[in-house]
Structures are given as C-alpha cells and as structure tokens.
Amino acid sequence: MAPAFLLLLLLWPQGCVSGPSADSVYTKVRLLEGETLSVQCSYKGYKNRVEGKVWCKIRKKKCEPGFARVWVKGPRYLLQDDAQAKVVNITMVALKLQDSGRYWCMRNTSGILYPLMGFQLDVSPAPQTERNIPFTHLDNILKSGTVTTGQAPTSGPDAPFTTGVMVFTPGLITLPRLLASTRPASKTGYSFTATSTTSQGPRRTMGSQTVTASPSNARDSSAGPESISTKSGDLSTRSPTTGLCLTSRSLLNRLPSMPSIRHQDVYSTVLGVVLTLLVLMLIMVYGFWKKRHMASYSMCSDPSTRDPPGRPEPYVEVYLI
C-alpha cells in the first residue's frame, strides 16, 4: 500500500502538495524529431529477484503501458533488462512531437507497479537545413534566369580536386551560338545546390554547397567567362565558368518575329488575290462565249437569211443513133 501511496504523491498536481516541485523527480531529456531516445533505469537498491519491468506514459494522471505510436513500424519501444547489472535499457526510435510527455520506468511485482525512475521527454521540430531547401524551389529559381556552371582547375600536387553533381530540372538548353543575334542584357539571381567531394592530400571531405549570385553581379554572357565562389569547410575555390546556359521562356519571348511567319502572311495574301483574279477571268470568258453562241443561233433561225428555193433543172434527153 505504501508504494502505491508514494506513486500517487508523485503524480499529484503541483498545487495540491507542499514542498519540492513535482518536476524535480523527472529527468529531463530534449531531443529532435527523428532522433532516438535511449535511457537507463537502475534497480540496484532492490532485492535480487525476478521482476517484470514496465515502460509507461502518463496520460490523464495515469501511467499507460499501452500508449500508441502508430507511425512506427514494428514495436513501439524496446525494453532490455540486464539482470546482472540491474539496469533496464529503454529505446524509442523515430521520435515525433507527439512523443513529448512524462514517462516512468516501473517494477511489476505481483501485479503492482512500483516506480523506478521518471523522465520528462521534450521533442522539438527538426530545423530545416540549407540542404533540402533548394530542391523544393529549384524549378522556380531556374525558370527566372540563366545559370552558368564550371569546374575548378587543378595544378600542383597539393591542389584540391573537386568534383560536383548539380541537380537541374528539365528545361530548354540553348548554346550561345544558336542565339547569336540575341544578347541578354541582364540575368536574374539564382541559387542551386551541388554535392561535392573534395580531397587534398590525405584528407577527403564530402559536403553540400550552395551557390548564390545576385542580379547586380550579373554580366552579359558574351562579355567573357564569369566566376563563382564556393566554400566547403575551410576550403575556398574560385573557378571560371563555361558558356553552357539554361535559358527561360522570358528570354525567348524577347526574340524578334521570325521571317517565316512574315512569309506565311504574304503567301496567304497573294494566294487570295490570285484566286479572285482567276474567278473574274472565268466569268469574263463565260460571258464572251455566251454572247457569240447566242449571235450565231439568231442568224440560223432568221428566215430572211436562208437561201431561196432553187428552180428545177431542165430535163434533157439524149438519143443515140
């Protein structure tokens, strides 16, 4: 009865008890979303006999061993009892904000729970890093400007060798010589992320790089190669860039109207005029033909124009002697 009364005092609201705060009996643990909780409960001061161990969460002033964690595949938590060291190891993986709260590690003796150790778990949201932000906005960023990329030159035995893999969304790739008649005057700022591997001597580092250029530093693509500064750890590299460009629809909209479109308009106009003249010529030919045909018909039908009836030829008889 005494242990049950002790547990009731521990779970009682702070305003109803005098003395030290109820929070002082909990060990505070602060973790981020996605991390793993790993705590230990010791029972060295108790008799060495086989007892069950329970990990429960406080809900409505009650300790519930069957609290739910529906987002976890597999067991909700892992409890390992080391009887020789008299230590209970509790592990909870894939923490979420819903896991925040108060937990108790208890002994189960003949169906009665005895508290061993309490924990106050605070789970905070994981901060958004610069690594995943460009991937969600990369498509919108690349649609509004021209991106030039290049590789840093290497020289000397101690010069760093940098390789990069850049992620671009599908778009229109245009070489500068295809747009010789069009020269963009300005470029919109852009940002992209490159996963790079840098090695210098025996050291080898991997990291994520974010490169950003502002519109004020942009120049004409035909003025010469540009340079982009990248930084990974304590290594800074300044590299020239090549002329392969990703252009947007706004650049193509500035292009002058193509000659083929003008030729199509002229061809349509000429075709209409020719067809109209052809119809007029057919009407005129039909009129002349009809006029001649009606004139010849009237001459044939007039009785005055017919030949007079011929007289009968004289009858001549010839006798042979």
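Glycine is treated like the rest: Cβ placed from N, Cα and C.
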Of the residues ASN89, ASN108, the one that Swiss-Prot lists under N-linked glycosylation site: ASN89
From CYS16, CYS105, CYS245, partner that Swiss-Prot gives for the disulfide involving CYS41: CYS105
CYS105 (disulfide bond) versus recorded positions CYS56, CYS63, ASN89 - nearest by Cα: CYS56
Cα-Cα distance linking CYS41 (disulfide bond) and CYS56 (disulfide bond), given in Å to the nearest integer: 13
For the domain 'Ig-like V-type' (20-121), residues assigned helix / strand / coil by DSSP: 7 helix, 54 strand, 41 coil
CYS41 (disulfide bond) to CYS63 (disulfide bond) - Cα separation in whole Å: 17
Other CB atoms, at most 10 A from the CB of CYS105 (disulfide bond): 21
